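Look at TrEMBL and you will find A:83-276 tagged as domain 'ABC transmembrane type-1'. Per TrEMBL, the feature transmembrane segment maps to A:88-113, A:125-145, A:157-176, A:209-232, A:252-275.
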Ligand SMILES: Nc1ncnc2c1ncn2[C@@H]1O[C@H](COP(=O)(O)OP(=O)(O)OP(=O)(O)O)[C@@H](O)[C@H]1O
Ligand SMILES: [Mg+2]
């Protein structure tokens with residue numbers, strides 16, 4: 001409960017700064033209008049006008065809040081204007097991509113730890129893959145997959161997977177290698193097979209590392225899904241909302257979609273955090 | 001089984017390192033009989049750990065021969081000849097105490113019923129009955145080390161190799177564990193190889209004390225203890241005890257004057 005006060009304080013400061021910025025950024029347009037009409041406008045007259053513009057440069061917080069509320073609760077969730085609908089489109093691609101990325105990441109990590117050739121060859125490629133800007137590679141993935149008849153959810157999920165496998169590989173390799181020499185020697189004195197070493201020592205030891213990577217990975221997966229919706233002029237998904245908003249100068253729509261994405265990311269990370277706590281407590285690793 | 005349990009003949013072990021070879025062991029000759037309690041004592045770097053690890057087939061000797069129960073160390077390992085206790089308890093934090101003790105049994109494929117019986121048995125042996133369901137962090141350092149001894153005893157190896165098992169514990173706990181270890185040894189009749197830096201600990205526990213010296217690591221003295229098998233803690237004030245401790249100290253000193 002003690003944490004609430006500082007959090008609310010920070011939030012209040014951010015909102016206040018945001019209002020100030022909205023006034024400052026939307027004011028030129030009002031002055032412009034007044035100048036065109038040949039009337040003078042005082043700051044007191046201008047102030048309320050900057051809060052209610054149709055297409056503000058920076059929408060005021062309450063405008064975003066209204067946009068968000070209408071998008072989330074003001075529509076049937078099957079409506080093309082519902083943020084729940086678009087959110088779900090993006091979320092389903094995120095979850096599928098996250099599942100693919102996590103599976104691939106864990107399998108690669110297991111390979112890297114157990115096979116010297118993979119150890120030497122996979123990691124540089126994994127790192128190289130992440131240095132290519134996703135914005136450059138996303139359209140290619142979409143176009144290539146489209147040309148072989150794969151469209152819809154899967155191409156977006158693959159872009160999600162592309163972004164989310166990397167933290168999982170890195171974290172899992174570190175986790176699977178975390179047992180020290182003494183713990184490995186102990187198993188050698190039992191004549192333990194590599195499989196036994198993996199299941200009894202390496203895998204459980206890697207759990208804290210895995211969860212940390214999953215949190216990074218799921219956020220990356222969400223970014224991937226949104227980016228995957230941008231290049232193709234997709235009609236559904238938070239990425240599509242962002243794109244349409246920017247075409248038509250609907251800044252409120254952009255911000256509402258951004259906040260939906262941020263809330264979704266926070267919820268997903270919190271969900272993994274909860275699974276982490278339960279799992280580690282069950283394992284006796286959290287005190 | 002007749003014959004020596006551990007026999008080293010002309011044993012040498014050289015590590016090839018970045019700055020030249022390190023002679024961790026050189027021309028080591030030692031015979032350990034069934035039921036012996038042998039302590040290895042010597043300054044840091046004299047090869048005590050290396051010798052124990054060679055017995056456990058964790059290191060490969062580069063010269064000479066080493067047999068365990070008449071077999072090579074690898075064969076002996078496959079026949080579950082020894083349990084190894086490291087300086088740190090090294091219990092898995094995600095397993096309960098019973099789960100940790102069960103670890104070697106699971107790996108070696110004992111039946112569930114057998115596992116349960118053995119875990120209970122060895123936990124009792126190290127005075128930890130009732131702590132099986134606790135996690136390692138809920139136990140003191142001394143109790144954790146006892147659990148790691150139970151883990152080494154669980155599959156009933158007849159050799160116990162211990163590398164400074166009580167090195168990280170305070171004097172009082174150490175005394176208690178020493179007493180308990182002696183009782184356990186008397187009850188089980190195991191052959192024990194025990195590395196220590198403490199002269200009183202070596203003299204109190206052992207039937208034989210092996211004094212080693214470094215560069216190259218070698219044996220400088222082997223002392224057969226005349227102390228009786230039954231040893232109360234206050235035996236450490238007896239004249240016999242002090243005489244042996246003196247001889248160990250002299251041996252260590254002589255080893256040291258070698259270098260310079
Ligand atoms: N894996 C290794 N590679 C290279 N040198 C090693 C290795 N292990 C041990 N040594 C060297 O071998 C020598 C003997 O080491 P060892 O650990 O057996 O000594 P010790 O008697 O157990 O010492 P301490 O009392 O400090 O534990 C030392 O000089 C050490 O540096
Ligand atoms: Mg040592």
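Glycine is treated like the rest: Cβ placed from N, Cα and C.
Long-range Cβ contacts of the transmembrane segment (A:88-113) within its own chain (Cβ-Cβ under 8 Å, at least 6 residues beyond either end) map to 77, 119, 122-123, 126, 153-154, 156-169, 171-173, 175-177, 198, 202, 210, 213-214, 217-218, 221-222, 224-226, 228-229, 236-240, 261, 264, 268. Same-chain residues lying 6+ beyond the ends of the transmembrane segment (A:157-176) with a Cβ under 8 Å from its Cβ atoms: 93-94, 96-98, 100-102, 104-106, 108-110, 112-113, 122-123, 126, 129-130, 134, 137-138, 141-142, 145, 198, 202-203, 205-210, 212-214, 216-218, 220-225, 227-228. Proximity of distant same-chain residues to the transmembrane segment (A:209-232), defined by a Cβ-Cβ separation under 8 Å and at least 6 residues beyond the stretch ends, is recorded for 89-91, 93-95, 97-98, 101-102, 105-106, 134-135, 138-139, 141-142, 146, 155-168, 170-172, 174-175, 178, 238-240, 242-243, 261, 264-265, 268-269, 272-273, 275-276, 279-280. Sequence-distant contacts of the transmembrane segment (A:252-275) (same chain, six or more residues past either end, CB-CB distance under 8 Å): 56, 59, 63-64, 66-68, 71-72, 83, 86-87, 90-91, 94, 211, 214-215, 218-219, 222, 226, 238, 241-242, 244-246.
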